[in-house]
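What TrEMBL annotates here:
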BINDING   A:Thr146, A:Lys170, A:Thr181, A:Glu261, A:Asn380, A:Ser385  substrate binding site
ACT_SITE  A:Thr181  active site, nucleophile
2 protein chains.
Amino acid sequence: MSVTAAKGFTASGVAAGIKENGNPDLALVVNNGPRLAAAGVFTSNRVKAAPVLWSEQVLKGGQVSAVVLNSGGANACTGPLGFQDTHATAEKTAEVLGHSAGEVAIASTGLIGLRLPMDPLLSGLETAAAALSEHGGEKAAIAIKTTDTVHKTAVAQGPDGAWTVGGMAKGAGMLAPGLATMLVVLTTDADLEAPALDAALRDATRTTFDRIDSDGCMSTNDTVLLLASGASGVTPAADAFAEAVRTVCADLARQLIGDAEGASKDIRIEVVGAATEDDAVEVGRSIARNNLLKCAIHGEDPNWGRVLSAIGTTSAVFEPDQLNVAINDVWVCKNGSVGEDRELVDMRYREVRITADLAAGSESAVIWANDLTADYVHENSAYSS
Amino acid sequence: MSVTAAKGFTASGVAAGIKENGNPDLALVVNNGPRLAAAGVFTSNRVKAAPVLWSEQVLKGGQVSAVVLNSGGANACTGPLGFQDTHATAEKTAEVLGHSAGEVAIASTGLIGLRLPMDPLLSGLETAAAALSEHGGEKAAIAIKTTDTVHKTAVAQGPDGAWTVGGMAKGAGMLAPGLATMLVVLTTDADLEAPALDAALRDATRTTFDRIDSDGCMSTNDTVLLLASGASGVTPAADAFAEAVRTVCADLARQLIGDAEGASKDIRIEVVGAATEDDAVEVGRSIARNNLLKCAIHGEDPNWGRVLSAIGTTSAVFEPDQLNVAINDVWVCKNGSVGEDRELVDMRYREVRITADLAAGSESAVIWANDLTADYVHENSAYSS
């Protein structure tokens, strides 16, 4: 499964000694071709980690032969020396695999502002290369975990299994401490060139990873890569391929929300009746980021007033006295005022559904979020000290 | 002191029975003239409580003879009936005092989405009117508390005590539960007309109340009023009056941050070296609202990487490799990378100072915020249920 579900890929995950606790911390994913096409999307944070700056350049060439991912350190805000560390990692990988360093993508996750321990990392690359296997996908997924409690993988196939899209992810939405959150590697044996991969990947991330919002904090390290080996020999229809990529991304995105740090609830926020999709997304994000509402959901309190106050901060098209809000399908707010009895809302389960009807059009969007808990505070107040 | 520090004002605070626990919940502030000039600023949330909609209309006339403030209910998202309740409150006040209802401002605070208990409120107005006193300022300040642990008052005077500006406030920045947060009434015996009051009030709120940001949640009820009685007979210079109003507003704003719900730290965020003041405010707000940083401050962890990641989400002018950050005067980040030893930062005290230097100009701004604590989660997850 994972990144080795598609033909043409090998992977491994080892404990290189980057993490002080001895847990697996280095993953290697290799594309054995015949094609080396690739696409990537990266954090839009203007403060970008060294591996993001490096990989953005690599992806401009549209070819990736290998991806190195480490947990145990984000290599962000580490200056020119940190960038040299990333460069050295790519050079070492190229040397061990007999590839070109310009086709090696790098991703890192962990605390910001600390240099990586390069000796264990570089010697770990030799171990990781020796361990490469067609069945290494799970070990790779395990090696990129930080505070994730489970590793995350997903797979989808084309008609009759003619081609496969697989993937792995780490992180807890935007909730992971140190802001080194979401690393995703997707692989496929479909025979496609870089522009086709790029189109499918951007289409998928726009409505999946870009619409999970655990705590509103944007990472310096977010990286999502899609590698194609062409090993199936099949070139799928664009629609079918896009759908498969979207399925795998949505699956992984849902797993990230489900394992968000300290969270006790997964909140599905659907905004309907919007004049535009942008309006729906803006309102969804505003609701997703409202700390008071997130606390209320944690307390299983259907406090719809906090939903309305969040909607009221946006520039979306709506009239305050026409807003409707349902929590777990009970319309507790109608026409901007009191609706059905809030006592009817059952919030005992982990998944909570909020529906906000702007009564201004026919567009919609879904944003996933988490509640705000004392556990979140505890985990994130004691992370680096 | 409080709203009765200035000549020409009487006030009272009583327990009308709006709150179930029997605490004081109704305040009345009366301007006895000779002048009835007034100015006000209100929440920019598009979902506005009934008393905000009412008082915005009253203030357009530039005359306020009395202000009624209740805790125990926000009267927000209560529809046309809620607005009728506010109207009835103004009519009753006018009847009891012999004023015009169109000159009675109303402010409410408490849970959103519930109608106010009108019988106790209206009969409470008679009690409050009977209790009006030149020494009633403190009781009025006490009656508007919700989860505030202390009442908040401030005063400033012109040269030789020729005129006075006094005020009271309730709320905990934007931290108060139910989003019914900040109510402020300022009074002065300076002899000024409404436009002069409006100019001084907007100038003062722009750099005081508008720059405290406890949890990024914008209220449906925020109201700041300034009433002038003219009873000193002195018309101060515009600059001196603006300075006095700003002093009182800054004092009250600092008290709100200091009493924010669940907070253990008051965070002073100063952005310097900005290309524009707008840039400085945008960056300050982004830092103030970063949940991961707020958790780190709670844990006394000088996690400057979280400051940089917050700056990176803004559109301000800066280069990532020129950013500098100090925490309690230790420059832990220089040129976007590791600076002085983070172990040098002493964070044991309640006030924490973050300085972010954008190295892009000479403008600056100060934003005040709070940390994020388990106590905040507890208070806000159990408020309405």
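Numbering starts at 1 and runs along the chain as displayed.
Cβ coordinates are placed from backbone N, Cα and C, and glycine is handled just like the others.
Of all the binding-site residues listed here (A:Thr146, A:Asn380), the one with the fewest other CB atoms within 10 A of its own CB is A:Thr146. Secondary structure at A:Asn380 (substrate binding site), taken from DSSP and collapsed to helix, strand or coil, is helix. Applying an under-8 Å Cβ distance to chain B, the binding-site residues A:Thr146, A:Lys170, A:Asn380 reduce to A:Asn380. Secondary structure at A:Thr146 (substrate binding site), taken from DSSP and collapsed to helix, strand or coil, is coil. Taking the Cβ of A:Glu261 (substrate binding site) as centre and 10 Å as the limit, one finds 26 other Cβ atoms among all the protein chains shown. DSSP gives A:Glu261 (substrate binding site) a coil state; it is part of no helix or strand.
The Cβ of A:Lys170 (substrate binding site) has A:Ser71, A:Thr109, A:Ala141, A:Ile144, A:Lys145, A:Thr146, A:Asp148, A:His151, A:Lys152, A:Met182, A:Leu183, A:Val184 as same-chain neighbours under 8 Å, each 6 or more residues away in sequence.
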